[in-house]
Structures are given as structure tokens and as C-alpha cells.
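Take a look at the structure set out below.
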Amino acid sequence: MKKQQIIVIGNGMVGYKFCEKLKSKTSSFNLIVFGEEPRRAYDRVHLSEYFNGKTAEDLSLSTESWYDEQEITLYLNTPVTAINRTEKKVYTPNGLSYDYDFLVFATGSAAFVPHIEGIEKEGVFVYRTIEDLDLISNYAQKAQTAAVIGGGLLGLEAAKALIDLGITETSIIEFASRLMPRQIDPAGSDMLKSKLTDLGLKILLNKNTSLIEGEESITALKFSDDSHLAVDMLVISAGIKPRDELAKACGLEVGPRGGIVVNEKMLTNDPSVFAIGECALYDGMIYGLIAPGYEMAEVVATHLAENGNKTFNGFDMSTKLKLIGVDVASFGDNFINEPDCRTIVFEDKHKGIYKRINISNDGKYLLGGILIGDAAAYNMLLQTATNNIPLPEHPEELILGSRGGAEGSASGGLENLPDSALICSCEGITKGGICSAVTDQDCENIDQIKKCTKAGTGCGGCIPMVKDLMLYTMKAQGKYVRNVICEHFNYSRQELYDLVHIHEIKSYDEVLDSLGKGDGCEVCKPLVSSILASLWNEMILQKGNDTAQDSNDRFLANIQKGGSYSVVPRIPGGEITPEKLIVIGEVAQKYGLYTKITGGQRIDLFGAHLSDLPKIWEELINAGFESGHAYGKALRTVKSCVGSTWCRFGLQDSVSFAIEVEERYRGIRAPHKIKSAVSGCIRECAEAQSKDFGIIATEKGWNLYVCGNGGSKPQHALLLATDLDSATCIRYIDRFLMFYIRTADPLTRTATWLNKMDGGIDYLRNVVVNDSLGMAAKWEAEMEGLVAAYQCEWKTAIENPAIRKRFSHFVNAPEEKDPTIQFVDMRGQKRTEEWKTV
Amino acid sequence: MENSLENQTSTLNGTDNNMETTINWLAACRVEDAVENGGVCVKHGEEQIALFYFTRRNEWYATQNECPHRKQMALSRGMIGSSTDEPKVACPFHKKTFSLSTGECLSGDECAIKTYPVKVEDGTVFIGLSA
């Protein structure tokens with residue numbers, strides 16, 4: 001019998017999820033998918049992360065081969081142009097037609113664009129697809145100011161994207177009298193507004209845009225109250241409009257304000273045609289969230305695969321999200337008012353926190369609520385409301401925390417949840433499902449849980465709770481997992497760091513004797529050496545620590561293919577005199593070195609024999625150079641643009657500050673290399689936002705960004721503090737670096753360190769700026785100690801005969817060079833030979 | 001000191017009493033020239049031998065200096081250590097590890113390295129080369 005054929009129109013998140021769910025249930029259908037966009041379905045919920053360094057591929061929901069493996073035919077760049085429901089055919093632009101037995105609309109929605117005069121002007125965008133983001137990002141390069149029309153969820157996301165793109169002057173324009181009118185009440189909106197204003201956003205409420213001004217491209221907005229706002233670009237995010245035009249054209253029933261009308265089985269008025277996701281209108285409502293969309297996909301997949309009678313009965317629209325670093329959540333019946341309920345409200349204008357819970361008049365049940373500024377309790381509150389868990393005697397403790405001095409329940413009430421409590425609403429995973437993944441399938445981290453159960457793979461909002469549940473279950477089983485270093489040390493890096501600190505141990509052998517066992521290895525040796533260097537900043541080749549150093553640190557140079565080394569003198573801030581440039585040239589000539597400018601505004605000299613290294617450094621040091629630590633997990637370079645001393649745009653003297661910063665932190669060793677940069681204005685020529693810590697000049701001082709990196713997984717640095725004077729900026733960097741050095745896992749860059757940090761940048765800001773751990777003074781003192789202990793280790797090395805002796809290839813022929821090192825000519829210089837075998 | 005060889009017949013303690021072989025002992029360096037808990041490279045004609053002074057275990061080892069992975073003369077600059085009780089060296093290039101006692105590659109590859117006996121007499125370190 002010929003397989004029945006299903007055609008899915010739309011390859012968005014819900015369309016993809018339908019395919020996945022159907023294929024997991026049955027293979028008895030042919031499945032054809034038409035997608036209008038040029039790429040496979042991607043995660044639109046986390047679209048703004050595209051500006052935070054995620055690539056389109058990172059956001060993709062499936063691998064390229066997934067559709068083939070599942071035997072699904074996917075046509076991208078192929079909108080369906082017409083449908084003949086009598087003949088059950090769909091048509092594509094190239095004139096082909098395809099037969100269907102069942103048709104599924106997953107066409108989603110488009111941005112709703114209001115009729116405003118001038119809307120066609122250049123510089124006006126919508127925020128919906130990756131292509132939109134590319135257009136916005138290109139245009140933002142020449143824009144200084146921007147506005148977003150729409151103060152809802154998507155509008156705030158768009159505003160965040162503009163900030164991420166470096167447009168610091170961004171306004172949000174909302175027609176209603178409050179932000180996020182569907183989710184939060186006026187008091188919550190006031191709190192959110194003041195938090196966003198603190199972050200530099202301008203919020204304009206009760207504003208009706210009447211005209212977009214400008215010749216060809218936008219220059220200003222005019223409002224119905226005759227006020228103006230000058231802007232270079234505009235993003236419209238005023239809501240969504242279901243993509244129902246195709247359905248309408250083929251005679252399916254659509255709602256008066258859009259949306260394909262469906263019943264509880266997601267069936268349209270044609271029994272062969274379904275609609276799911278944001279294009280579907282159920283019970284007069286469009287569901288613009290991912291979880292209900294996935295639920296609709298499940299309903300149709302079950303119906304087709306098993307002839308099941310699963311139905312869609314509306315959906316809880318609770319949401320929690322982090323908008324520009326501010327938690328916002330609403331759950332259950334968020335707007336219900338007295339006398340239908342009693343409300344408990346907590347407001348802290350100092351910290352910017354607003355919490356409201358609505359409880360039943362008898363005080364027994366939680367009905368709903370709103371959280372701004374701190375939504376840590378969201379998952380628990382949502383569970384309490386949806387599972388009708390009886391409220392404790394003092395329900396205010398749900399939002400205030402217990403203040404009785406007694407220890408609260410360590411598991412945060414997880415044990416009270418029924419096994420049927422829905423934890424991941426996107427994927428429909430219950431508490432029982434997550435616990436059994438831990439107990440029966442030995443999942444011990446979030447990635448394993450995600451793989452095993454799919455929990456947390458949708459919007460990701462449940463991940464903290466999934467993690468808590470996982471830890472709670474592991475603990476109940478008596479499991480305790482630690483990240484120990486290797487067979488020689490039964491400690492994590494942080495534990496070992498603290499122990500070495502407390503016991504004031506200064507050599508690798510002593511650390512191994514007193515804290516480890518066995519003879520060490522290539523894992524713990526460099527790690528302990530790095531800790532010793534971070535703590536005491538002593539010359540790394542003394543006290544027998546030389547053989548505990550990693551390859552490059554051992555000879556204070558970078559080993560290259562063939563066994564020769566490269567030499568990088570420090571050139572702070574990239575500033576160098578002609579005289580010094582000449583010295584570098586002369587040294588390179590004398591020792592036959594290949595020279596290249598590095599990415600960090602320094603000069604790298606390649607092809608030095610081991611025995612030449614001390615001679616080369618002797619000449620460089622005599623000319624006033626010092627080690628550049630290019631070989632160490634240490635501060636590398638502080639790149640700079642020329643700044644206000646020459647540049648007509650420059651706001652501050654970025655070169656002088658870069659030199660100050662580089663000379664302060666030079667030689668300080670850390671879990672991984674550290675790079676920095678200082679830019680003299682927002683044009684950011686020094687690329688400070690791609691550095692572990694980056695500094696950008698403002699009119700008033702410096703903005704400090706942290707935890708960025710280039711490399712294989714580039715990540716933009718995040719704004720830590722704004723408009724700092726130089727001394728404060730240095731203080732914050734001191735604290736930031738010491739916190740990183742003390743707590744990061746081995747070989748972890750600051751970006752990854754932050755990604756793993758609970759609470760993320762907000763937590764980090766609290767620690768560094770607000771000194772929430774009370775460590776600031778200690779860390780500043782420790783940093784002062786390291787700065788004071790600085791020495792050029794190459795100077796020490798060449799002046800110490802015992803160390804210098806080690807820079808020879810043959811112990812029994814110290815003057816001879818390794819004859820196996822061979823070079824070949826290339827463009828007037830030399831290069832090393834290729835690997836001899838592969 | 002360089003390239004001075006000392007001829008000597010020695011009997012290896014094996015079950016086979018007929019296993020008799022001549023070993024040429026190369027005087028490599030003085031003990032104080034060796035690196036504690038690390039390696040040095042010894043030149044023997046065209047050959048390069050890595051000599052390790054595992055001070056922590058009071059043991060000496062010698063192996064070929066070339067790492068078979070990428071044919072780099074580098075093992076003498078590698079970090080030494082142990083895996084359970086097996087003494088090992090890690091190549092500085094890609095951290096392939098080899099047993100110092102058997103020469104076997106411990107990083108799951110086929111390639112093994114040559115090992116040599118070592119003895120110390122009157123403060124001089126000798127590497128044993130088969131004649």
C-alpha cells in the first residue's frame with residue numbers, strides 16, 4: 001500500500017517539532033516540508049543571542065543530516081504559493097505541484113507593522129528572522145541612536161539586541177501606559193521601567209507614533225502629541241500577525257483579526273488540514289509562546305500516528321524571562337484583583353524588586369503572580385499554583401523567604417511536588433521523568449538530562465529547576481560529584497588553590513608531598529605551577545618548579561613546529577618607538593628570525609634555537625624590552641586604538657590607559673590566557689568587546705566589559721559597569737581578575753567561566769561592583785601583592801647561570817644546535833618544514 | 001666526556017642463561033648536569049637520546065629523543081610523571097605519553113619508543129647501547 005503523504009507548510013520551531021514528534025511515533029507517512037526561509041528551523045526564542053556570539057548554526061534546532069536520516073524531504077527557500085483543496089495539491093513558485101493526504105499549516109506569524117506614514121524609509125526594520133537581524137546589524141554600524149516601537153516582550157528583546165550591537169542610546173516606545181501590558185501590572189511596569197532606565201534605555205509610554213521623518217532614510221519620529229525623537233534607525237516590534245494569507249486564499253476559515261480557525265484537535269474546517277503554532281486561532285486566541293505551540297504539534301502528531309484523541313484545551317501562558325539582565329515573570333492568574341482574591345505585594349525600590357502573589361480568599365491556594373527583578377522563586381511558585389499545592393501558614397514567605405532564623409528546606413520544597421508536576425512545559429517533562437533519568441539512567445549533569453529527557457531544550461526557562469531536581473535526586477541517592485584534577489590530587493582546582501594558599505606552599509614537590517600522591521603528571525604539574533604563580537608570582541623556573549611547567553613556560557618561549565621557539569617582547573598598548581623597532585629588526589636579522597605582526601599589536605620573532613633564546617633576550621632587555629609572556633597562561637596584551645591624542649573622534653587617551661593596565665597586570669598568571677583592549681570611543685577600533693576584559697571610553701570615563709573572547713567560539717564581552725573613572729576601573733578589574741583566578745576551572749577562559757556561573761553577569765556584577773561576597777578589599781590587596789612582586793622573568797633567567805644553563809639542546813654538547821631543525825625560504829624569509837609524517 | 005664509550009660485557013638477569021649480550025656504555029653527563037625530575041638530550045653521533053632523572057623515585061631512564069607522532073626531537077623537554085605506578089613522559093608538542101620503562105605509548109597509539117638501560121658510577125651517568 002502506498003504511504004499516505006503529509007505536507008507541512010513552514011519550517012519554524014513548531015513545524016520542526018511536529019516532524020520530530022511524528023517521526024518518533026510512526027514511520028508510516030511520507031513527510032514533505034516547505035520552508036520559506038533559506039535555513040533550517042532555528043531557535044527563535046533565543047534569537048537575540050545571535051548578537052551575543054551564537055551563530056545561525058548554533059541556533060539551529062537540528063543537524064544538516066537530520067532530515068535525511070528521518071527520511072523527511074525538506075525544501076528550503078520554497079514558499080507554497082497556492083493550495084487546491086479539492087484535488088489535495090500544493091503549488092510552489094517553480095510551477096511544481098505536490099499531492100497531500102494531510103496538510104499541516106505551521107506558517108507561524110510575521111511582525112505586525114502598523115500603518116505609519118514613512119514606514120517604508122530606509123533604517124526601519126522588523127525583528128523576526130536571522131535575515132532581519134543581519135540587516136539590523138549592518139545598519140547599526142552607522143547608527144548612534146535607535147528606537148523600538150513596542151514595549152512588549154519582543155520589543156524589549158529587540159532593544160537588548162540594539163544595546164548588544166553597541167547602540168547605547170536606545171528608546172522604547174509603547175502605545176499603552178505600561179510595559180509588557182499582557183504580563184505585568186502598573187506597579188511591576190514602574191519597577192521594570194526604572195531598572196531599564198538605570199541601564200541607559202529611554203522608556204516612552206503613552207506614545208502614538210504618527211510620522212517617520214527623513215528624506216530617504218529615517219531621521220526622527222513624530223508622535224501624536226507633536227513631540228519629536230531624533231533616531232538613526234527604528235525597529236518595529238509591535239506584536240505579531242498570523243500568517244494566514246495562504247489559508248484564506250484557499251477558502252479555510254480565518255478569524256476576523258487573523259489566525260486559522262481550529263478546533264481542539266487543531267483541525268481547520270477541512271478535515272484533512274491542520275494548523276499549529278502562531279498561525280492557529282483556538283477559542284479566539286493566538287498562542288504566541290513556544291510551549292503551547294509544541295503542545296499543538298503533539299496533538300496533531302498523536303492524532304495522525306495513533307488516531308489518538310489527545311486534545312488542546314488552551315494553555316498556561318506563564319512566562320519567565322530575563323530582559324536585558326532583569327528578571328521578569330508572570331504566572332497563573334496574574335491580573336486577578338480583590339475582591340476575587342487577596343494579594344501580597346513586596347516592593348523594594350532600592351534593589352529594584354517587585355513581587356506580587358494572588359492567593360485564594362481562604363488563604364489556601366496560590367492563584368498567580370508577577371515577579372520583577374528577582375524571579376528565583378518562579379518555578380516553585382508556578383508549580384505551587386498549577387498543582388494546587390496547599391499554601392504554608394505564612395504565604396508571604398514564598399516571596400520573602402523564611403525570616404524566622406530557622407533553616408529553610410534545603411531543596412526549596414522540591415520534595416513536596418507530586419511526581420506528575422510538569423517541570424518542562426515545552427517538552428512536557430514531569431518531575432518523575434527527570435528524577436528517573438537520574439536514578440535509572442545515571443544522568444549526572446544537565447547535558448545528560450537534556451539528551452535523555454529533552455527537558456530544558458525548549459525555552460530553557462526550567463533549567464534551574466531541572467538542575468535543582470537533579471542535584472536533589474543525586475543527593476538523595478548519596479551521590480556527590482566533584483571535578484577532581486587527576487589521579488594525583490583528589491581536589492578541584494579551587495580547593496587546591498585554597499589549600500596551597502592556606503599552607504603557603506611554594507613548590508610543586510611540596511604540594512605533591514603534602515596534598516597529593518604518586519609522582520604527578522602532565523595534567524597536575526602545569527595546573528599546580530599555575531596556582532603557585534598566581535598566588536606568589538615568584539620566578540617560575542626556580543625551586544625545582546621548572547620541570548613542573550608546561551612546554552612553553554619551561555623555556556619561556558613558544559615551541560613551534562620542528563622544535564624551534566618564538567620570541568614576543570612586550571610592547572604595552574602596541575606603542576613602540578622607532579629606536580626599539582630598529583632593535584627588533586636588528587635582533588631578527590642577527591639570529592635569522594622570521595618576523596610577523598601579531599593580532600595583539602606586537603611583533604613575533606620565529607625560528608629561534610633553544611640555545612639562542614638567552615642571547616636574543618639579553619639584547620632585547622638591554623634595549624629596554626621585557627618578556628611579553630606570550631608563552632604563559634597569563635596576561636598577554638592590552639590592545640589599544642590611538643585615542644584622543646590623535647583621533648578626531650577619540651574621547652579619552654586610550655593608549656595611555658592601555659599601557660597603564662598592561663603594566664599593572666603583566667606577568668600575572670591565571671587559569672588561562674587573558675587578553676584586554678582599550679578603545680578611545682564607541683567606534684571600538686581596539687575590539688575591546690572581544691576580550692577577557694575590555695575598556696571603552698565614554699564622555700565621562702570608561703565602560704568596562706568582561707568575559708569576551710575570540711577563538712573557536714567567539715563571545716562578546718558583557719557590560720559590567722559604566723562611566724568609571726580610571727582608578728575605579730582598575731579596582732573593578734583587580735577584583736574581577738582575582739575572582740576569576742581563584743575560582744575558574746583549569747584552562748577555562750573567562751567567557752566559559754561566566755557561562756558556567758550561576759546567576760551569570762548579574763551575579764558577577766554583584767560580586768565585583770557591589771562586593772556582595774565581602775571579598776573586594778582582600779582581592780585588591782592580593783592583586784597589589786602580585787603587582788609588587790612582578791619581575792621580568794627573562795631578565796632573571798639570563799642573569800642566573802643555573803637557569804641559563806638549561807637553554808641548550810645537548811647536555812653533552814652545549815654549543816651545538818639541534819641539527820634536525822630545518823627551515824625553507826618563503827617570500828624572502830624562512831619558514832619551518834612541514835611535519836615529517838601525518 | 002662527549003662520545004666516550006666504555007666497552008663491557010654484562011649478563012642480563014633473565015631466565016635464559018644464554019642471553020648474553022655486549023653493551024656499549026655511553027658516558028652521557030655528570031649527575032649534576034642532569035635535570036631533576038626532568039630530561040636532557042644526549043648527543044651520540046647522529047642519534048639523540050633523552051635522559052631522564054626521576055629524582056622523586058630515584059630512578060634513571062633513557063629513551064629515543066624523537067616523538068614518533070610528529071617526528072619531533074622533543075621528548076627530553078617533556079614533563080615526566082606516573083600513571084598508577086608506571087613512569088611516563090609526555091611529549092611537549094601534543095602530550096602523547098610514553099612509558100619510560102617499556103617505551104609503550106600510553107595515549108592509545110600503536111607507536112612505541114626505544115628505551116635504553118642507564119647506570120651511574122662515580123657521579124657519571126652512562127647510557128647502555130647495544131653493540
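Keep in mind that glycine also has a Cβ here, set from the backbone N, Cα and C atoms.
TrEMBL lists A:5-284 with the feature domain 'FAD/NAD(P)-binding'.
Annotation source TrEMBL lists domain 'NADH-rubredoxin oxidoreductase C-terminal' at A:318-383.
The domain 'BFD-like [2Fe-2S]-binding' annotation in TrEMBL covers A:422-470. Sorting each residue of the domain 'BFD-like [2Fe-2S]-binding' (A:422-470) by its DSSP state yields 25 helix, 5 strand, 19 coil.
Annotation source TrEMBL lists domain 'Nitrite/Sulfite reductase ferredoxin-like' at A:560-621. With DSSP states grouped into helix (H, G, I), strand (E, B) and coil, the domain 'Nitrite/Sulfite reductase ferredoxin-like' (A:560-621) comes out at 31 helix, 14 strand, 17 coil.
Look at TrEMBL and you will find A:632-768 tagged as domain 'Nitrite/sulphite reductase 4Fe-4S'.
Under the heading [4Fe-4S] cluster binding site, TrEMBL lists A:Cys641, A:Cys647, A:Cys681, A:Cys685. Cβ neighbour count for A:Cys685 ([4Fe-4S] cluster binding site): 18 (other Cβ atoms within 10 Å of its Cβ, all protein chains included).
Residues annotated as siroheme binding site in TrEMBL: A:Cys685. Mapped onto three states, the DSSP output places A:Cys685 ([4Fe-4S] cluster binding site) in coil.
Within 8 Å of the centroid defined by the CB atoms of A:Cys641, A:Cys647, A:Cys681, A:Cys685, the record's [4Fe-4S] cluster site, lie the Cβ atoms of A:Val642, A:Gly643, A:Phe649, A:Gly650, A:Ser654, A:Ser679, A:Gly680, A:Arg683, A:Glu684, A:Ala686, excluding the listed residues themselves.
The Cβ of A:Cys681 ([4Fe-4S] cluster binding site) lies under 8 Å from the Cβ of A:Cys647, A:Phe649, A:Gly650, A:Leu651, A:Gln652, A:Ile696, A:Ala697, each of which sits 6+ residues away along the same chain. Contact between the domain 'BFD-like [2Fe-2S]-binding' (A:422-470) and the domain 'Nitrite/Sulfite reductase ferredoxin-like' (A:560-621) is absent: fewer than three CB pairs lie under 8 Å, with pairs separated by 6 or more positions in sequence. Cβ crowding, taken as the number of other Cβ atoms within 10 Å, peaks at A:Cys641 among the binding-site residues A:Cys641, A:Cys647.
The average pLDDT the prediction assigns to the domain 'FAD/NAD(P)-binding' (A:5-284) is 91. Each residue of the domain 'Nitrite/sulphite reductase 4Fe-4S' (A:632-768) gets a DSSP state, and the totals for helix, strand and coil are 52 helix, 33 strand, 52 coil. Helix, strand and coil residue tallies for the domain 'NADH-rubredoxin oxidoreductase C-terminal' (A:318-383), in that order: 6 helix, 33 strand, 27 coil [DSSP].
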